[in-house]
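In what follows, a single structure is set out as C-alpha cells and then discussed.
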Amino acid sequence: MSKSESPKEPEQLRKLFIGGLSFETTDESLRSHFEQWGTLTDCVVMRDPNTKRSRGFGFVTYATVEEVDAAMNARPHKVDGRVVEPKRAVSREDSQRPGAHLTVKKIFVGGIKEDTEEHHLRDYFEQYGKIEVIEIMTDRGSGKKRGFAFVTFDDHDSVDKIVIQKYHTVNGHNCEVRKALSKQEMASASSSQRGRSGSGNFGGGRGGGFGGNDNFGRGGNFSGRGGFGGSRGGGGYGGSGDGYNGFGNDGGYGGGGPGYSGGSRGYGSGGQGYGNQGSGYGGSGSYDSYNNGGGGGFGGGSGSNFGGGGSYNDFGNYNNQSSNFGPMKGGNFGGRSSGPYGGGGQYFAKPRNQGGYGGSSSSSSYGSGRRF
C-alpha cells in the first residue's frame, strides 16, 4: 500500500508548533522552509485577528509522522534569517497538564508491574530515541518495586513524541507516561519566565496568552477549588470535584487530604490507584516528593507563575483560521480569574500566596515578552 493509499495517522501526531518566528514570516515562507521535509497538509502563522500582526508562532502539519520525524531530525531550523523552535504540538486536552509545554528529557512511567525489568522498558522506549538512564524505583526499606520508573533520553523530542501518544504497553501491561518534572525544573521554569520581560505570554499581546486576549476557558480556573496541590485539597487537577482523570475525587494532585497521592484516595494512595500502599505518584516521597507534604501547589515563585495573565491558546482555535487546536469551556490554563492553577499555595512559595500555575497575580508568563 502506498503512502497516498494508507489511512492517515491522527492529525495531532503530524502537527508541529513552530515558535520564535520572525514577525516578517508569512504562511508562504514558513511553508517553503518546512516542505523540504515532506508534504504539508496545513501551514499557518498565527495572527492577531484585529491587527493581523504575527504573534510570533505558527503550526505546520505534515502528511505523515515520518515526515515530522524528518523535520525534527533536521534541527536547528532557520526561517527568514531567524532560528525557530519546532516542537510537537500539544493537544488541547494535554495542554492543561502541568508542565505540558516544558522542555524535558525525562519521563515518568507509572503502573508498571512487579515483573517488569529494565530491559522491558529499554526494549519499548528505545524506539523513540537514545536512552541515557532507566531507573525503576524501589522502596528503600523493603527493596520492593514501587510500580513506577523514570526514563531519561538524550533529546527532549523523544519525550514530546512519547507523551502525545495516549497508550503505551510495556511487558504486556498498559502504563501511564508523562513528563517527569523535578522541583528544580519547576523552579527554573518559574525563574526563566521572570527573566523574560513583562506581562505578555507566549506570543501574546497585552496580557494575552499564547494566542490572544481571552483565557483558555473563561469561567474559572482549571483546577477548581483546591487546585493542583492546593492546600485545602478541595478540588482536583481536573475540576472542582474530580481528581486527575477521576483518580481521587476529593483532593488535588498531592493535596492536603485525599487526592492524587493524598491520604485516602487517588493515584498511589492507600486505597486505590497506581502504586497502592501509599506509595504512588508523589506519595511517601516518590516522584521527587511532588506534594511536598500537601499545602504547596505546583506553581512558581511568589508573584510570578507559569502561565500568567492569559492562556495557552485562548483566543480561539488554533485556527480561528480553521483547525481545532483551541480552548475548552470551563477552566482556564493560566487565567486571570481569582483562583490560580496552583490553588491556595505554591510549590516554591509561601503557602496561600495566591499565585499558582498561571494564577491571577502573575507579572510574567509562559514564554512572556514578545516571543521566544
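Just so you know, glycine gets a Cβ as well, placed from its N, Cα and C.
Record features (Swiss-Prot):
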- 197-216: compositional bias 'Gly residues' (COMPBIAS)
- 328-346: compositional bias 'Gly residues' (COMPBIAS)
- M1: N-acetylmethionine (MOD_RES)
- S22: phosphoserine (MOD_RES)
- S192: phosphoserine (MOD_RES)
- S199: phosphoserine (MOD_RES)
- R206: asymmetric dimethylarginine (MOD_RES)
- R206: dimethylated arginine (MOD_RES)
- R218: omega-N-methylarginine (MOD_RES)
- S337: phosphoserine (MOD_RES)
- S361: phosphoserine (MOD_RES)
- S363: phosphoserine (MOD_RES)
- S368: phosphoserine (MOD_RES)
- R370: omega-N-methylarginine (MOD_RES)
- 4-94: region 'Globular A domain' (REGION)
- 182-216: region 'Disordered' (REGION)
- 218-240: region 'RNA-binding RGG-box' (REGION)
- 317-372: region 'Disordered' (REGION)
With every protein chain in view, how many other Cβ atoms are within 10 Å of the Cβ of S22 (phosphoserine)? 19
List the helix, strand and coil residue totals of the region 'Globular A domain' (4-94) as derived from DSSP. 25 helix, 32 strand, 34 coil
Averaged pLDDT score, the region 'RNA-binding RGG-box' (218-240): 34
